[in-house]
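These features come from TrEMBL:
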TRANSMEM  45-63  transmembrane segment
TRANSMEM  70-93  transmembrane segment
TRANSMEM  99-120  transmembrane segment
DOMAIN    158-271  domain 'Palmitoyltransferase DHHC'
TRANSMEM  191-214  transmembrane segment
TRANSMEM  234-263  transmembrane segment
Amino acid sequence: MLGLGFQRPRRSPWELLRSAAVSCFLALLCHFALAMVPRLFPSLSLLSLLPISALVLLATIFLGKCWRRLLGIAASAPAFVLFNILFLWGVYIAVIRGAIPSILDAILNAECALLLFGFYKIFSSDPGMVAHDSSCSIESEQKGFSEFDLQYESPLFSRVRYCNICKTSIRGFDHHCPAFGNCIGQKNRRLFIGLLAGFVIAEASYTMCSTHFITRSLNTQKIRLENIISGNFVIGTTLFSILQVLWQVVFLVWHIYCICLNIRTEEWINWRKYPEFQLIVQPQPGSPTSETRFTNPYDKGFIGNIKDFFKPKD
């Protein structure tokens, strides 16, 4: 019997609710920890607080992971991302919005709404799943990527890779994205790039609005003792947004680089597993063995690779 082979682990409603609750708690814990940074170091500038915030964020995530393992409680990465979006949007609406011009306010709210819509779309999208016999699926888990991929000799199955997390074969597989809860493949790669760029733009917009609020509040001396908690949350979420933008920009540049070369992340990392990426160089006189070098058979040149990326996928 043929089937898509794509089966996300089925969990009961109670398990899903518990996972979402744990993710919500971890997101709140991260933001409370970041809000303590400006409170403990009030004399430091925003730039000086960045490395401290990065360490605090990493330590909080690590402690949360240890706590979950100790108690045997699972969390959901997509839910964690979702609650972070909602928390930043909530801080903006509750604290920052009043100090922002109406046009910027409308733009940021539209960006957040589009971000949530794109997040839902990529979470529920088909990355390019390939129907195959269930026996092939079991065999692929035992053999791994390379041997299984060699079974596909038809052009229809070109660049099909097997994801051990989703337990399915994906055409144009790039990587499995835990944050979005889905594989990134031929059918949703453009959506992934657009959503990644959307995160960068939205978080940069939030940073701009929050720094405008902080500067205006300090200049007009509106931050008093009763507002110190909300002020710390604004600074903490600003630091969080800057840290997010920094690594997401690097990640986005990497994927744009891969698009320009028409190669996938999985292929870059594991190119030695795939014969089409291996160029055997015959040994030179005096050299005992041949040399295996990387070659990209899918490279069509810069313009051709860009066209291939934007070409509609069946």
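FYI, residue positions are counted from 1 along the chain as it appears here.
Keep in mind that glycine also has a Cβ here, set from the backbone N, Cα and C atoms.
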Exercise for review: Could you pull out which residues elsewhere in the chain have a CB under 8 Å from any CB of the transmembrane segment (191-214), counting only those six or more residues past its ends?
Suggested key: 46, 88, 92, 95-96, 99-100, 104, 107-108, 111-112, 114-115, 118-119, 121-122, 125, 174, 177, 180, 184, 231, 234-235, 237-238, 241-242, 244-245, 248-249, 251-252, 255-256, 259
Exercise for review: Just give the helix, strand and coil counts over the domain 'Palmitoyltransferase DHHC' (158-271), going by DSSP.
Suggested key: 75 helix, 14 strand, 25 coil
Revision key, fill the gap. Per the Cβ filter (under 8 Å) with a sequence gap of at least 6 from its ends, the transmembrane segment (70-93) is approached by 15-16, 18-20, 22-24, 26-28, 30-31, 64, 108, 112, 115-116, 119, 123, 178-181, 203, 206, 209-210, 233-234, 237, 240-241
